[in-house]
Amino acid sequence: ASFTISLHKVDNTTVLIKLRPGVSPSCRIRIKNVIKSDLKIKPGENVTFTFTCSTPEKYFIMEIQKNIDCVSGSCPFGDVHLYPPGLPRLNRTYIWDVKASTKAGLELKFSTPWLRQIEPGKTCPDSISYKINSSVDEATVNIGTFCRNGSVSRVKLLGGVVMSLHLPWHSLLITSGFNIANRASIKRLCIIESTLKGESSITLMSPNYPLGFPEDELMTWQFVIPSSMRASVFFHNYSLSNCERKEERVEYYIPGSPSNPEVFKLSDSQPANIAGSFNMSLQGCDQDAQNPGILRLLFQVVVQPPQVDENVTHLVDLSKEKNMTVTIHLEGWPNQVPLMSEPICLICKDPRTCDRVLTLTSGAVYRISFLCKDLSRLRITAEKGIGCMDIRWCQRKIYSLSVPKAITRLPIRLHKFIWKLLATDLINVEITSPSLKLHQKQKHVPEQRCNTSYSYSIVSATPETELNVGEFCPGGSIEKIQMRNNITIALKTFGKGFINESIPQDLKMSFVPHIKDECTFTVSPNPKAKVYLQTPNWPYGLPPYVSISWFIVVPSKQTARLGFSKDRMGLACETGRAYINIKEDTVGAEETVRREDELLPQPRNMHHSFWVNISNCKPVDKTQLTLQFWVTFADKQIDLGIILAVVAGAGVLTAIGLTVCCVKKKKKKKTQNPMVGVYNANVNTQMPGKKGLFGKGRQNNESHVYAVIDDAVVYGHLLKESNGSVTPEVDVYRPFDGPIGSLPPSPPPFSFRKDIKCSSNTEEEPPALTDTDQDTYTFAHQKLGQSKDNGDANEKDKGDTSVPLLENKEQDGLVE
């Protein structure tokens, strides 16, 4: 098809057709017998041409520029038309270059649906865009890029204007959408009028955004808003230049305000809840010539109807709190920022100071209100710091980790309350829950899920590593957790019932002296419950060389059964060894030790309170140490054999007593000889049996030496009468069955573990431990049948060896 473009000279219009940048010249323009790559048609020319291809829109673009002189000639007020007609369907840009005096600026008025400003580089949904540039003293300032369907209804500019309209090749738009309305002196760079008729949200930018507002310039935005609506201003992105003179600022003219203009810094919270129309101006400054900096601003104006409860205030008294902040925000903050076009919830410290996010600090009293249709979208996140630098001032102090009532009384759901517990290296943290206790939340175990509306997440942090101790819910069996290093405890809610459940919170915290393990749990289960316990940092595994202990309390009339959820640790060590130590908290108890290359213990009964210690090595590759074990309880059963043995023993002792009594009476009847002291060096005063059965010497205890002996009562006579079948009642050692302290089983020291390397692929037996190795990490006990002299002679006391000797020197630093 051929096209004819005829331009009248008085229209002062030029048409330029040229190849699109980056496109190969596969299509050309033919004028008669001449082939061209571009075509320029000047005012007064009449040109007929064709394209050498059927899809010229893929290769060519078109610019139509019209020069308008409003300085020396009459200004063509009224609608601006798309001229000339009959243009080929190419991507085209209309440019109107209007010259005007700075003493008589220009006013551009846009027809509905008006314009919406967008950031440079972004595109409009229909690909139709406007670009407005101001021309002052040959300097060009980009006022902004706009799409259709917005709120910008008029723009007034100082001096001339260069207006551009970009249309895609398929657009059917036949009008420019604006007119030159008037000439008016405005004495500032520009005035942008934005008309908002109902509930809405708009985004605007300063001229030349993001490159920088011109130096020492002033511009104004006029917002036309119905008096029945409320407007709020929010600055989302801004930067400041380096001022030599004056100060960059924002000024508001609000009808009815007692202090017009109201002056704000760009860093201030901007006015909110403004009734009706208002103006906002941006003032620049004289910039440093060497380092001018950049002044720019992107902001949002939100218009919404007044809220029913906007005059309802809520008292938040934080005057008695210390080191605490309370932030009220929208759900998902700060990771999810709501769209600017969405209706928003505003939190107000006073009727005109409102924002999407409001942070309150301790030591003050606040009266806040909400401009929000749906308060369920709002959340509270609070943080409190508790520190201890000297254990002498902190050790006896107990802190209550409960949410203050000033927060729970607000009609907003608590999202998270965080306690940050800070202490020096030699001070640790003890968490207790005296009445409710805690249980470890485990998603894969139905019995271990939370049935409350909140849980506690506990994390222990060191400069080298971070240990996620776990997530815990109230109503369990863990009554105490001791942890090293700085601790963060976060109360998280996941239900609407927290306000009603907040009263019985009983989590307590105190600072304690240094402990050995990274974490120690004290577990006091319900005798009827099955308790599941697992290593911290689940499911990612314990960090290398970390040791964790559990002390499980077994009631006196109960027997506990301990079992592991898998047969092996499932771990391969690169350096050191991983161990599991199990030991009952009673004198003489055997200690069960398993390494990572051994089978874990089978389920076993524990008759006393016991310790479970798990110590990690440095794993190979990505293998991790994750273990879970369980504990159940049953009533103790009395063995029938033991009952029969006790009855038989009582019968034998009764017979011995009767025999001795009869002999004594018979002798007394015969004669009443005076008692004399007798020493028989040939009599063996040792109890018949294995030599050295007792570990405790009696050289300092003379209860076995008779000061006066009846001449008829001697050991030989008694043994002769009983034919050696009855053992005389003598001083017998009984094991100590009282408390022995709260020290966990001693794990191998890290130096030992690091010296031995193991591999999951080797079948060889591990090297036998030497006596020195055993002394460094095991409990030494007096074994039945070991030979040791009782020391009844006049030897010096060699010490009481009846109580297990804790020979790990590392234990000396432990405290109860």
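Cβ coordinates are placed from backbone N, Cα and C, and glycine is handled just like the others.
As written in TrEMBL, here are the features:
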COMPBIAS  775-788  compositional bias 'Polar residues'
COMPBIAS  789-800  compositional bias 'Basic and acidic residues'
COMPBIAS  807-816  compositional bias 'Basic and acidic residues'
DOMAIN    3-70  domain 'CDCP1 first CUB'
DOMAIN    79-182  domain 'CDCP1 second and fifth CUB'
DOMAIN    188-291  domain 'CDCP1 third and sixth CUB'
DOMAIN    315-403  domain 'CDCP1 fourth CUB'
DOMAIN    414-496  domain 'CDCP1 second and fifth CUB'
DOMAIN    517-630  domain 'CDCP1 third and sixth CUB'
REGION    738-816  region 'Disordered'
TRANSMEM  640-663  transmembrane segment
So, do the domain 'CDCP1 third and sixth CUB' (188-291) and the domain 'CDCP1 second and fifth CUB' (79-182) meet, by the test of 3 or more Cβ pairs under 8 Å (sequence gap 6 or more)?
yes
So, by DSSP, how many helix, strand and coil residues make up the domain 'CDCP1 fourth CUB' (315-403)?
7 helix, 43 strand, 39 coil
Helix, strand and coil residues within the domain 'CDCP1 second and fifth CUB' (79-182) as assigned by DSSP:
0 helix, 62 strand, 42 coil
By DSSP, how many residues in the domain 'CDCP1 third and sixth CUB' (188-291) are helix, how many strand, and how many coil?
0 helix, 53 strand, 51 coil
